[in-house]
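Peer 1: What follows is a single structure, and I will ask about it in a moment.
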Amino acid sequence: MQSTAISFCPSISISTKLQKPDLSSLYRFNPITPKRLLCKNGSVLGRAVNPVSCSLRQNGWVSGPPPEPESEGFVVRATSVPESAGAGEGPKSKGIGDTLVLGTLFGLWYLFNIYFNIYNKQVLKVYPYPVTVTLVQFAVGTVLVIFMWTSNLYKRPKISGAQLAAILPLAVVHTLGNLFTNMSLGKVAVSFTHTIKAMEPFFSVVLSAMFLGELPTIWVVSSLVPIVGGVALASMTEASFNWAGFWSAMASNLSNQSRNVLSKKFMVKKEESLDNITLFSIITIMSFILLSPAAIFMEGIKFTPAFIETAGLNVKQIYTRSLIAALCFHAYQQVSYMILQRVSPVTHSVGNCVKRVVVIVTSVLFFRIPVTAINACGTGIALAGVFLYSRVKSIKPKAKTA
């Protein structure tokens, strides 16, 4: 089966002068004699005062300006083109390539997150100094950011004082969010910390309503019910439960969602906006600067080989695991922003929900955490609520018609 394609000559000229119609050219299009050729408007062809031409279309005769000579205008030619023409391998192979890249990024996102949680937990389990551990993670991230900027792996941004002032609140809550997460990981199981962190949508809805005036739809509110209920059920039956770990994870939720609200509230001007990776890089450096004096004041200098040896710990093991955890911490967040640049926020939210499931399952298997049926049910209900929330969040309320 064949289709008809229309091709245009590159030379186009438009004449504004009225010319007599080229009656000889009309013989090629119309079998009717030009002596009495009528158009739809009823005008008679051939008068020089108001020249009108007729052309044959699929739906009948239509009037238009007089045809220009072929050498001075554009020519429409009908050519026979096979159906397979234009269906080359380019777009198809490009689509497959993009899918493979996106799948690889998702795999790296999950893998880095798994390694971060495992190695981070191993360090915090024997080295109970979460402020120092968090500082080390920001320090390694700062070194990586500076390396990327100086080696031109990523463009170094030009930051104004006004931008730094706007980013400062984001850096504060980012620092607190990661600090509270490490405090929770040091007190309770990795699976329980991530189960509590499934409450993030609840804090997001509350804070957005309070500070941004974004009232949730009935569907969003309904999706929060299984999240809250599932976390409550899992908390009641958690073997490693303690209040310090529970409230630290809750504080982490509050801090992280405050960062999102502040991003919308203060970083709204397009001329002051930064891409996500650049913004994260700047926040990492600022978090390191902010936390350094706090870590020394709260815990002292306790990351030296001498102190670790006196604590009866393996210096090489602590340093190695801390370094791997810090690298994975920075890597998984960078990859997360790379994914966000390629997919919609809803898709990214669903991927984040799946990531939490993967982290919970792998941590339970790796650390051999005892899990009861009720505990697993509570965790499953909470995660199902998070997935439901990520889907209904994209539903827009119908506009009221007058």
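Backbone N, Cα and C define each Cβ position, glycine as well.
Here's the feature list from TrEMBL:
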DOMAIN    101-390  domain 'Sugar phosphate transporter'
TRANSMEM  100-119  transmembrane segment
TRANSMEM  126-149  transmembrane segment
TRANSMEM  161-181  transmembrane segment
TRANSMEM  202-228  transmembrane segment
TRANSMEM  240-256  transmembrane segment
TRANSMEM  277-298  transmembrane segment
TRANSMEM  365-389  transmembrane segment
Peer 1: Considering only the recorded stretches 100-119, 202-228, 240-256, 277-298, 365-389, state which has the highest number of Cβ pairs under 8 Å to the transmembrane segment (161-181).
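Peer 2: Answer is 277-298, with the largest number of Cβ pairs below 8 Å.
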Peer 1: List, by number or range, the same-chain residues at least 6 past the transmembrane segment (100-119) whose CB is under 8 A from its CB atoms?
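Peer 2: For the transmembrane segment (100-119), the far contacts come to 185, 190, 194, 321-322, 324-325, 328-329, 331-332, 335-336, 338-339, 342-343, 351, 354-355, 358-359, 362-363, 366.
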Peer 1: Does the transmembrane segment (277-298) come near the transmembrane segment (202-228), with 3+ Cβ pairs under 8 Å (pairs 6 or more apart)?
Peer 2: no
